[in-house]
Structures are given as structure tokens and as C-alpha cells.
Amino acid sequence: MNKLPHETRVVIGMSGGVDSSVAALLLKEQGYDVIGIFMKNWDDTDENGVCTATEDYNDVIEVCNQIGIPYYAVNFEKQYWDKVFTYFLDEYRAGRTPNPDVMCNKEIKFKAFLEHAIALGADYVATGHYARVAYMDGEYKMLRGVDDNKDQTYFLNQLSQEQLSKTMFPLGELKKPQIREMAKEAGLATAAKKDSTGICFIGERNFKDFLSNYLPAQPGVMQTLSGEVKGKHDGLMYYTIGQRHGLGIGGNGDPWFAVGKNLKENILYVDQGFHNELLYGDEVIATNVGWVSNEAKEKEFKCTAKFRYRQEDNKVTVQIVDENTVRILCDEPIRAITPGQAVVFYDGDECLGGATIDEVYRSGKKLDCLG
């Protein structure tokens with residue numbers, strides 16, 4: 001697209017946080033025709049009965065007025081419920097630990113929002129994510145953000161060529177302290193606002209309380225693989241593989257961890273020791289594969305992978321089983337690989353794509369107890 005910046009309309013998703021505020025400021029300073037959109041994805045009130053979305057939208061209004069750009073609020077609650085929240089509940093019901101942020105980016109921020117932006121005459125959408133897009137060798141590549149500590153390509157792993165061709169990440173070359181400083185210098189209302197944490201629709205609330213509103217808890221037995229009962233669990237959906245806190249097992253010796261789930265018998269398996277071999281897998285079957293590139297993949301190739309956000313890169317060999325499934329062979333056993341989570345593939349700074357962890361093996365044996 002050879003338009004000049006002032007002829008190029010960029011619709012930016014604004015959350016009311018400092019990152020998207022500075023991203024909007026940068027686009028405006030670069031001369032683009034910028035429109036701010038606040039996405040209302042969840043009908044939400046906090047413990048005090050305050051609608052947090054209203055507070056966030058008020059921050060968006062204030063920042064947009066400061067920058068001098070128009071703004072709108074768009075309601076995506078139905079799409080979010082259908083595409084993200086239903087998936088979230090289904091995964092927990094199946095005893096897995098989902099990653100709703102990946103699905104939200106795929107289905108809402110870079111699909112429903114992108115379609116809405118194009119209807120507004122947008123040439124591009126932008127967000128405050130820490131990632132980069134580059135056009136090289138005839139296609140779009142997604143690269144890690146320069147700030148290693150904040151890089152968000154893990155959550156963006158399902159984006160396609162079509163989506164990336166319409167996307168700008170203004171913060172990709174910056175580090176978080178620089179962004180805070182820019183917000184402060186510009187006097188933005190969100191300059192000192194703390195970063196949001198946790199799953200977007202739960203916010204700061206207690207996860208267990210939230211989930212119990214939608215899924216009936218089924219308490220059961222907590223035991224070792226040899227059958228020694230160590231207590232009761234509150235419901236398998238509340239525990240993730242490798243979890244230490246909340247088990248309530250006293251006594252001396254090494255701490256206890258959740259090492260597996262038996263859905264049929266509603267048993268939570270536990271064992272002692274952070275480095276317990278029951279927590280380590282060296283082979284993974286992953287499904288719902290999405291590649292950033294449209295180029296045909298080799299049947300087998302080496303790269304690195306992250307099995308959770310902020311994990312170090314692990315050397316792996318990826319084998320293509322079919323267009324929806326890959327087998328991942330790890331050079332070294334990896335702790336607490338969790339079904340339902342995303343595995344994301346990298347070649348240096350380039351994010352190649354990702355998939356959903358489905359089955360975990362150790363030395364050729366499926367870890368059935370992972371549920």
C-alpha cells in the first residue's frame with residue numbers, strides 16, 4: 001500500500017491501558033488518520049459493583065481527547081461468548097487448561113474487530129501488543145517484540161497472512177520503561193495506570209469463585225499414583241499440572257504437586273518434589289495447528305518452542321502428522337507440559353505459528369493421568 005500516512009486510516013483497539021494509549025499516540029504523531037475503538041467483550045462488574053469496563057472506557061475517552069482522535073465503543077460480547085468463553089468452559093469441562101487469550105486474539109481482536117475496522121474504512125488495525133510484523137521474501141512474518149520480558153507473540157501465534165497484512169504493532173521496537181516514560185511526557189491519563197493481570201473476563205477476582213458460577217464443582221479424592229489418599233480436591237478443573245499451591249497437604253519433606261488427573265474416576269494425582277519425573281514429558285501431540293506462513297512445511301524440521309508464556313525456548317523437532325496435527329519431540333524433557341495450553345514455534349525471532357497441546361508422552365509412554 002503506497003498511501004501517505006495522512007491518507008492511511010488506522011483503527012486501533014484501545015483497552016484503557018498505557019500500552020494501547022501510547023500506541024495510539026505514536027500513530028497520531030506519525031501522521032496517520034487514527035480512530036480509537038474500545039472493545040466491550042464482557043459484561044463485567046467487580047466486587048464493589050463497579051463496572052470495570054466503564055472505568056476503562058472513561059480512560060480511553062480521556063486519552064483520545066488528549067491525543068486528538070475520534071473514539072467509539074463497540075460491543076463484541078456475543079462473539080466473545082460464542083467463540084472464546086464457550087471454548088474456555090468446554091476445555092475446563094474436559095479437564096484441560098485453556099488459553100483464552102490466544103482464542104481472543106484469533107477470533108475477536110484480529111477477526112471481529114478487524115472486520116469492523118474495515119467497515120469503518122480502515123487500511124490497518126493496530127493494537128498495543130509487543131510484537132513486530134515484517135514483510136520479507138514475499139510474505140508477512142511475525143517477529144518477537146524487542147522487549148523480551150513483554151513479547152506477546154505467544155498469544156498471537158494463530159494469526160494468518162491475511163490478518164498480519166492488515167496489522168500494525170506500534171510498540172514492537174520499544175521496551176516497557178520507554179512506553180511508561182512516553183506516556184508520562186505526553187501527560188496521558190493512563191501513564192501511571194497499573195497493567196492488568198489475569199484472564200480478561202475474570203480480572204482480579206478469585207478464579208475458583210468465578211468458575212463455579214458456570215461449571216458445577218465435583219469434589220473428589222486426591223491421591224498418589226500408588227493409591228495413597230492424601231486428601232480431597234475441590235474439583236479437577238481448579239488444578240493444573242505442576243501446581244503446588246492450594247493442595248493443602250501438610251507434613252514434612254518435599255512439597256507436593258499436582259501431577260495428573262483421572263477424569264473418569266475424578267481423581268487428582270499428587271506427588272512430591274519439584275523435579276518429580278512424573279511432571280516431565282519429552283514428546284507432545286498438538287492439534288489445531290496454525291502456521292503464519294502459507295508456504296508448505298517440510299514433513300520434519302527443527303526449531304524452538306514455548307509450551308507456556310514466558311518459558312525459555314526449548315529445542316524441538318516438529319513432525320507434521322496432518323494439516324491439523326503435529327508431533328513434537330523435545331531435545332530435553334520439559335516440566336509440566338499442560339494439555340489445553342498453546343505450544344508456539346520459533347525460528348530465532350520469527351514466530352512460525354502454534355498449536356494446542358493434546359497429549360503428552362515420556363519415553364514413548366502416554367501420560368494418561370494428565371487427563
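Cβ coordinates are placed from backbone N, Cα and C, and glycine is handled just like the others.
According to Swiss-Prot, the protein carries these features:
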- Cys104: active site, nucleophile (ACT_SITE)
- Cys200: active site, cysteine persulfide intermediate (ACT_SITE)
- Gly13, Met14, Ser15, Gly16, Gly17, Val18, Asp19, Ser20, Met39, Gly128: ATP binding site (BINDING)
- Cys104-Cys200: disulfide bond (DISULFID)
- His129: site 'Interaction with tRNA' (SITE)
- Gln341: site 'Interaction with tRNA' (SITE)
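Annotated features, which come from Swiss-Prot, shown on the structure.
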residue : record                       : Cβ contacts under 8 Å, 6 or more apart
Gly13   : ATP binding site             : Ser20, Ile37, Phe38, Met39, Lys109, Phe113, Val125, Ala126, Thr127, Gly128
Ser15   : ATP binding site             : Phe38, Met39, Asp56, Val60, Gly128, Ser196
Gly17   : ATP binding site             : Asp56, Asp59, Gly128, Thr190, Lys193, Asp195, Ser196
Asp19   : ATP binding site             : Gly128, His129, Tyr130, Leu171, Ile179, Asp195
Cys104  : active site, nucleophile     : Asn41, Tyr80, Val84, Cys200
Gln341  : site 'Interaction with tRNA' : Thr97, Pro98, Asn99, Phe307, Arg308, Thr356, Ile357
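For Met39 (ATP binding site), the count of additional Cβ atoms within 10 Å of its Cβ stands at 25 [all protein chains shown].
In this entry, Gly13, Met14, Ser15, Gly16, Gly17, Val18, Asp19, Ser20, Met39, Gly128 make up the residues listed for ATP, with the farthest two CA atoms of the set 16 Å from each other. Taking all protein chains in view, 25 other C-beta atoms sit within 10 angstroms of the C-beta of His129 (site 'Interaction with tRNA'). Counting every protein chain shown, 17 other Cβ atoms lie within 10 Å of the Cβ of Cys200 (active site, cysteine persulfide intermediate).
DSSP assigns Gly13 (ATP binding site) to a strand. DSSP gives Cys200 (active site, cysteine persulfide intermediate) a coil state; it is part of no helix or strand.
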